[in-house]
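Report on the structure given below.
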Amino acid sequence: MRLAERFLPFAVAAVAVGVGYGLSVGLAGYFVYLGVSAVVAAIALLGLGVVTGTAGMISLCQLTFGAVGAFVVSACNVAGVPGGFVVWLLLGGLAAAAAGVLVGLPALRLRGITLAVVTLGLAAAADLTLVQIQFPGATEGLSVERPDAFSDDRSYFFLAVLVLVACGLVVHFLRRGRWGSSWHLVAFSERGTAAVGAGVRTSKLTAFAVSAALGGISGGLLTGQVGLAFPASFTAIQSLALYVLAIMSGAHLIDMAVFGALLWVAVPELLKRWGVPQDWGFVIFGVLGIQALAGRGNLGTAVRNLWHRSRKPAGLGLTEVAEVEPLPPGDPVLQVRGLSVSFGHVRALSDVDISVPEHGVLGVIGPNGAGKSTLVDVISGFLPRATGTVTLDGRLLTGSPTRRARAGLRRTFQQDRVPPGLTVGAYVRFVARRRLPGAEVADALEFFGCPSARTPLSRVDAGARRLVEVVGHLLAKPRVLLLDEPAAGLPHEEHVAFGRRLRQVPARFGVSVLLIEHDLDLVRSVCDRLTVLDFGEVLASGPQADVLADPAVLKAYMGETELL
Ligand code: ADP
Ligand code: MG
């Protein structure tokens, strides 16, 4: 099964090449020409599927990257660069990737509509500039030379299919690798990305670069198709329409990128046959795009949901696990001194001291709004304006969340930060940020009763997803893991069972834990030491029994819960 899965992409690629060859021989000449246009559009859409569909950034200048590719191919043709068309195509892709990084730089700070405006503005500016400077060789009418073996239209179509299949394979494997996981993560939560020690910057820039490279290759192919590139093929309005088509078809799925490309070619063609002005095609794409953006979802996801609808979401399946003797708590590994932070007039934390012992599970409890999540944010570097010191293994812990994560401090979030686009296994491996044997992943998942590594996260229920997040961070083997109400969504029995497992975490995974929890039963069974926060101050701190018997703690908890 696993072997079959490994070869499946290549088998699909081989079939696609076969179909492409058949079409190149069998189609009527006119359709061969349209076929090249569809392949060109499919490659550009694949690129949008990366930057928009996977990494969640709006890019409205995909055809500008196409123009970069076309420009490089034309320039190489004029200069007679050795290597011929295929090499020029690759150079065009590389140049477009570099342009993609440049365009991606603002995306590090801008998001949503602002990024849309910036990229569309760029597309419009590039459009005007191209009209001014024209493509190399255009004024002389110097047509781009196709490779000898693919010089007629039929064989050029086959070449285009080969390029598309190669691009599809590259995208498939990139998306299954580290970059791909980071794209899914950054689209879903930038904070979540930083918390696993993955660079948000790298993630966004690689997405832009890969997407632009595909745009560049598609522009280069188009130039080989028509011989001479024209600015009219790369206008801002067409980039916009292509974006809408990517959203609507769900171009993050390779088959849907191809489907979108067929629409891209077929709609104007049909309109032409019916005698309707072709610009109406933009209106049709626009309406469908608005439907997709308004939350109706895209076609690709809709089709896949039909397939999955009958299947229940996967939850926890807890089995008995062997008991492991907890290790005796050692010296403090994480020490927090004098932490304070305010939000306007709200003093969320004032002068808080906390210390997590090696091999220990420190419980942090307190009523809603006591400052528990804020404490985790400060320690993990998400609130840089806080005052006070945090030391890990005696070394001062400073800098960005990414840096702190890499130094051995991990955290989970109270809200779901697990991207639905990945499988359980891909996500866990990405969060762990190290090479992991399949058995180690499977063991850790099984220990917490999580669904298997192959399950798509979109099919895992919310409570189990949060434990998958915990497993990923534990497998990263940090020095300390901060857990912000990790079991909040679980039913009572599962909550208790989770607690039993958590108690074994230091011994099993070699990770010390700070646990924020509202269920006092769980706290009692798991934590040796407790710190109680109330209105941002430490109310009590020490061995569990002492703290829970403290009259001040009882008083603070009276209105909040009946559990004591
Ligand atoms: P807990 O996790 O213990 O329920 P929080 O740490 O979320 O509490 O919140 C502590 C206090 O800080 C609350 O009064 C909350 O309203 C306030 N607070 C938290 N985050 C922000 C923020 N980003 N802006 C303004 N106030 C905030
Ligand atoms: Mg909280």
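Note that Cβ sites are derived from N, Cα and C of the backbone, with glycine treated the same way.
What TrEMBL says about this one:
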- 334-560: domain 'ABC transporter' (DOMAIN)
- 7-24: transmembrane segment (TRANSMEM)
- 30-51: transmembrane segment (TRANSMEM)
- 63-80: transmembrane segment (TRANSMEM)
- 86-108: transmembrane segment (TRANSMEM)
- 115-135: transmembrane segment (TRANSMEM)
- 155-174: transmembrane segment (TRANSMEM)
- 240-267: transmembrane segment (TRANSMEM)
- 279-299: transmembrane segment (TRANSMEM)
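Mean pLDDT across the domain 'ABC transporter' (334-560) comes to 91 in this model.
The recorded stretches the transmembrane segment (63-80) and the transmembrane segment (155-174) do not share 3+ CB pairs below 8 A when only pairs 6 or more apart in sequence are counted, and are therefore not in contact. Per-stretch counts of Cβ pairs under 8 Å to the transmembrane segment (30-51) identify 240-267 as the leading one among 115-135, 240-267, 279-299. Against the transmembrane segment (155-174), stretch 7-24 shows more Cβ pairs under 8 Å than any other of 7-24, 115-135, 240-267, 279-299.
Remote same-chain partners of the transmembrane segment (115-135), defined as residues 6 or more beyond its termini with a Cβ less than 8 Å from a stretch Cβ, comprise 57-61, 63-64, 67, 70-71, 74, 103, 106-107, 223, 228-231, 234-236, 239-240.
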